[in-house]
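Report on the following structure.
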2 protein chains.
Amino acid sequence: MTEIRINRERLWRDLMELKEIGGYDDEATGLRGVRRLALTDEDARARRLVVSWMRQAGLKVRVDRIGNVYGERAGEEPGLPCMLMGSHIDTVATGGAFDGTLGVLGGIEVIRTLNEAGVRTRRPIEIGFFTEEEGVRFGTDMLGSAVTAGRLTLEYAHNLTDAGGATVKDELVRIGFDGDAPEIRPVPHAYIECHIEQGPILATAGVDIGIVTGVQSISWQRLTLRGEAAHAGTTPIESRADAGLAAAEVIVEIRRMCDSGEYGQLRGTVGDLRLLPGQTNVIPSEATLTVDLRNPDDTLMTAAEKHLAEHVDALSDRHRVTAAWERMARTAVIPFHEGIQDVIAETADALGLPYVRAMSGAGHDAQEIAAICPAAMVFVAGENGGISHTPREYSSPSACGNGIDVLANAILRLAGEV
Amino acid sequence: MTEIRINRERLWRDLMELKEIGGYDDEATGLRGVRRLALTDEDARARRLVVSWMRQAGLKVRVDRIGNVYGERAGEEPGLPCMLMGSHIDTVATGGAFDGTLGVLGGIEVIRTLNEAGVRTRRPIEIGFFTEEEGVRFGTDMLGSAVTAGRLTLEYAHNLTDAGGATVKDELVRIGFDGDAPEIRPVPHAYIECHIEQGPILATAGVDIGIVTGVQSISWQRLTLRGEAAHAGTTPIESRADAGLAAAEVIVEIRRMCDSGEYGQLRGTVGDLRLLPGQTNVIPSEATLTVDLRNPDDTLMTAAEKHLAEHVDALSDRHRVTAAWERMARTAVIPFHEGIQDVIAETADALGLPYVRAMSGAGHDAQEIAAICPAAMVFVAGENGGISHTPREYSSPSACGNGIDVLANAILRLAGEV
């Protein structure tokens with residue numbers, strides 16, 4: 001069996017070039033970060049660049065109706081379902097150069113390597129990048145992959161709005177990525193996504209490669225607490241209905257739940273909180289906060305959500321505020337396909353690359369595609385504890401190269417060398 | 001000595017008419033509120049209406065360079081310093097019909113009553129309304145009175161900006177209240193401000209009238225906590241530097257300090273809090289919050305500030321965030337003039353109106369004017385526990401009438417009936 005090796009320098013150069021689209025100087029870290037929210041002008045420029053790279057690699061490009069972009073390399077047996085690779089190129093507001101892009105640019109590098117080696121495969125090979133994976137602009141993450149896998153309808157996705165009221169559909173049209181390919185894509189033979197780990201497990205184990213066993217349960221909710229505005233100087237402490245104080249107690253309780261161990265490996269984050277009317281000398285009448293919970297155990301996740309809801313009820317009574325929950329997203333633990341995991345493991349063994357198997361702490365497009373075909377992921381170790389969603393996000397050229405080498409050879413095995 | 005009685009119906013009609021300028025339907029309470037921030041179009045309309053009422057009452061109107069407006073009724077001995085009444089007509093974003101406006105419209109009603117009774121006085125009588133008393137738009141409260149009393153310079157005040165970057169000077173010019181009278185006003189003989197209590201003391205005592213002994217110490221600070229943005233799903237709890245969590249702990253500690261009694265009658269409020277980047281799945285890198293502390297005891301106020309600073313230092317270390325404090329405002333306890341308090345007390349006695357003496361929980365223009373002449377305040381009871389800075393703010397027509405009757409007769413005594 002042919003073992004192929006990708007061109008690491010070329011991959012790194014592409015990663016660094018794409019990083020400059022949406023690049024900004026981050027004050028908090030003093031580093032160069034990336035701000036390339038989905039369907040913005042920056043995302044559009046990045047999409048055009050990546051499409052040009054796809055075409056240079058000989059891929060036939062199509063755009064579907066939710067803006068997902070696919071590049072196809074023909075197989076020798078055209079009727080067979082394709083082997084799909086992919087990820088995303090949108091970022092959070094304080095992002096780095098690797099999250100998502102590694103899997104997409106790495107996929108293009110796999111194609112170039114196959115082309116240069118003159119390797120043909122039985123199955124077609126496709127690379128996809130999916131719209132609004134981060135969910136930070138339109139509020140629903142894995143949006144493009146959820147639509148193509150049929151979990152969300154095109155109409156629902158098109159009508160989502162950003163903070164300024166712009167819809168997904170309008171923005172797709174505006175940036176010229178309102179494609180005409182069907183949003184429900186043909187079922188692939190299998191899907192492999194290479195992605196940075198965004199956590200410390202691989203670095204702690206001293207390996208570059210992770211084989212992902214699944215994605216932990218994710219719960220996103222928005223909580224609105226309503227009290228009453230009143231004068232900060234004259235209103236006695238005991239007669240207040242301070243929505244901001246109630247919100248602060250929710251944040252502290254979420255951390256306590258994580259620290260307690262009562263809910264296993266629960267992780268909880270309040271990433272956004274807004275107070276109304278938001279004035280120095282007025283007791284807040286309203287507080288709106290997001291609650292992000294993650295858990296590798298479905299039962300403990302349900303228990304954590306139940307406890308938090310009860311705790312909020314109790315503190316709402318105590319502070320004379322009302323509480324309203326809005327569900328933004330909820331996924332159960334999603335296990336990846338064991339057969340595909342094993343192919344990845346055999347590939348890593350053949351390349352002499354040690355690996356560990358671990359569950360993903362973050363959500364990924366692979367969890368959506370897993371609903372329609374066998375899917376798994378390759379993780380690549382990050383430095384600085386694997387920190388991500390910050391300009392400090394960093395994976396070394398050799399770790400990235402090792403990860404894409406594993407991807408390349410696993411894809412080749414599954415696509416069937418002719 | 002003449003005892004005069006104002007026209008309560010006319011005063012009430014004016015209060016209700018002014019309330020509609022900036023009026024809005026408040027969702028939280030289902031009531032009609034007032035949103036008339038300083039130097040907005042709404043404030044400009046209100047200013048023009050009040051100026052027209054001043055002119056109809058025969059007052060000679062002048063506007064100074066910080067936009068304070070004065071209306072003067074001549075005295076029989078023109079060289080004497082005037083008796084000054086006044087307050088403000090700007091509101092917070094969720095305001096009511098009485099805060100500030102009672103003292104201004106009440107002052108106009110006093111003049112009308114003197115005119116109709118044909119009463120002349122030795123001293124001139126002036127009504128003033130001061131720019132940006134609330135401080136919610138440009139960040140410094142009692143702005144106009146602080147400038148006229150010489151505590152803040154005109155240049156400093158002119159260069160303050162709102163959240164959109166507009167300066168006080170630009171906004172004064174834009175709304176046509178960039179007057180040419182000197183911002184340092186002639187020293188009055190004395191100043192009396194009638195204002196709603198904005199607290200529960202009078203209602204609890206069962207009286208309509210309060211004689212204000214002084215204003216408690218006020219401390220406004222802005223605290224910025226900086227941690228590090230990171231992925232909410234993958235970053236272990238123990239390796240986070242969560243600025244939002246640190247902010248939540250500050251809010252909870254401020255409430256604990258108030259509840260503990262260790263700092264006397266401390267009141268603490270966090271009215272505004274903003275998180276960056278403010279995304280559901282990103283640990284906040286930065287939290288900025290306002291801290292409003294009030295205390296009727298200077299020593300206990302200083303102790304509270306010191307404790308809070310130490311507490312923030314400790315929790316910053318624990319959460320690996322940095323803390324930066326910015327001083328927005330700080331006033332010591334300001335006692336009002338006992339002689340003027342006694343004149344108000346004699347007046348209330350003569351009118352048969354019971355009263356209590358109490359310290360003010362809120363800041364008022366009177367505390368600034370107290371730096372240049374004898375000053376004191378008349379408080380009027382509010383309903384609903386005296387709640388204010390909300391559309392629920394309400395003082396009855398009879399309480400308002402009683403308060404302005406006290407104001408009228410105290411002014412008449414001090415201005416010297418001819």
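Heads up, the Cβ atoms here are built off N, Cα and C, so glycines get one too.
What TrEMBL records for B:His88, B:Asp99, B:His195 is Zn(2+) 1 binding site. The annotation Zn(2+) 2 binding site is assigned in TrEMBL to B:Asp99, B:Glu134, B:His389. What TrEMBL records for B:214-316 is domain 'Peptidase M20 dimerisation'.
For the domain 'Peptidase M20 dimerisation' (B:214-316), the predicted model reports an average pLDDT of 96. Broken down with DSSP, the domain 'Peptidase M20 dimerisation' (B:214-316) shows 40 helix, 33 strand, 30 coil. Geometry remark: B:Glu134 (Zn(2+) 2 binding site) versus B:His88 (Zn(2+) 1 binding site), CA distance 9 Å. Counted over every protein chain shown, other Cβ atoms within 10 Å are most numerous around B:His389 among the binding-site residues B:His88, B:His195, B:His389. Sequence-distant neighbours of B:Asp99 (Zn(2+) 1 binding site) (same chain, 6+ apart, CB under 8 A from its CB) are B:Thr91, B:Val92, B:His195, B:Ile196, B:Gln198, B:Ser388, B:His389, B:Glu393. Those binding-site residues from the list B:His88, B:His195, B:His389 that have a Cβ under 8 Å from chain A Cβ atoms: B:His389. Counting every protein chain shown, the number of other Cβ atoms lying within 10 Å of the Cβ of B:Glu134 (Zn(2+) 2 binding site) is 26. The record gives B:His88, B:Asp99, B:His195 for Zn(2+) 1. Within 8 Å of the mean position of their Cβ atoms, the other Cβ atoms in that chain belong to B:Ser87, B:Phe98, B:Gly100, B:Thr101, B:Leu102, B:Gly103, B:Glu133, B:Ile196, B:His364, B:Asp365. B:His195 (Zn(2+) 1 binding site) falls within a strand segment according to DSSP.
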